[in-house]
Amino acid sequence: MTPEEVLEEFRSAGALLQGHFILSSGLRSSTFLQKMTIFSDPARTERLCRALAEVITARFGRIDIVVSPAIGGIIPGYETARHLGAKAIFVERDPGGPFTLRRGFSIPAGTRAVIVEDIVTTGLSARECLASLKDEAGEVVGAACLIDRSGGRGAIGLPLLSLVTLDIPTYAPDALPAELAAIPPVKPGSRALSKP
């Protein structure tokens, strides 16, 4: 799947939005990728995650376990794992706390794992996911996402693969360009849902 075909999946689903958005990182942007619109369509999700699995296999070879950060990474992680013939697990956070691996999930010695995300903006969720796995016996070989909107700057401490890399500008709330500041902001993300 080419980068243009990936973006067309988002456009045709109405998931490539323009406006003034408050991202889950707290940064602001004029562009938002509404991945839950994508994930509500099983056929579209299957196409994208099959392509991601192909990219992962080409770079990392055998993968035994896909680890995803809850909530946004669970669907693409599961579907990508299905195409890899791997197990799908996830990390989750207690309200206000770090990600942890619970529910009996583990990465045993001798296994190869990859972190799968939906969209990477700053890389924070993937970094926090990786930090939560530091005591696991298996090897976390890399990370992958559908779209890296950081322009390749979302450093997570592992190789990061994506179907598309975009350089979508983000801004601190006190450093908005005038044209963005003139539009009332909306917060479509989910990270704040876990905060009290």
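FYI, residue positions are counted from 1 along the chain as it appears here.
A Cβ is built for glycine as well, from the same backbone N, Cα and C atoms used for every other residue.
Annotation comment: Swiss-Prot describes GLU117, ASP118, ILE119, VAL120, THR121, THR122, GLY123, LEU124, SER125 as 5-phospho-alpha-D-ribose 1-diphosphate binding site. Annotation source Swiss-Prot lists orotate binding site at THR121, ARG149.
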Whose Cβ lies within 8 Å of the mean position of the Cβ atoms of GLU117, ASP118, ILE119, VAL120, THR121, THR122, GLY123, LEU124, SER125, the 5-phospho-alpha-D-ribose 1-diphosphate site, other than those residues?
SER25, ALA126, CYS145, SER150, GLY154
Sorry to bug you, but what's the C-alpha spacing from ARG149 (orotate binding site) to GLU117 (5-phospho-alpha-D-ribose 1-diphosphate binding site), rounded to the closest Å?
12
Which residue, out of the binding-site residues THR121, SER125, shows the minimum number of other Cβ atoms inside 10 Å of its Cβ in this structure?
THR121
Where does GLU117 (5-phospho-alpha-D-ribose 1-diphosphate binding site) sit in DSSP terms: helix, strand, or coil?
strand
Looking only at C-alpha atoms, tell me how far ARG149 (orotate binding site) is from THR121 (5-phospho-alpha-D-ribose 1-diphosphate binding site), rounded to the nearest Å.
5
Cβ neighbours within the same chain of ILE119 (5-phospho-alpha-D-ribose 1-diphosphate binding site) - under 8 Å, at least six residues apart:
LEU33, LYS35, GLY72, CYS145, LEU146, ILE147, ASP148, ARG149
10 Å Cβ neighbour count around ARG149 (orotate binding site)?
24
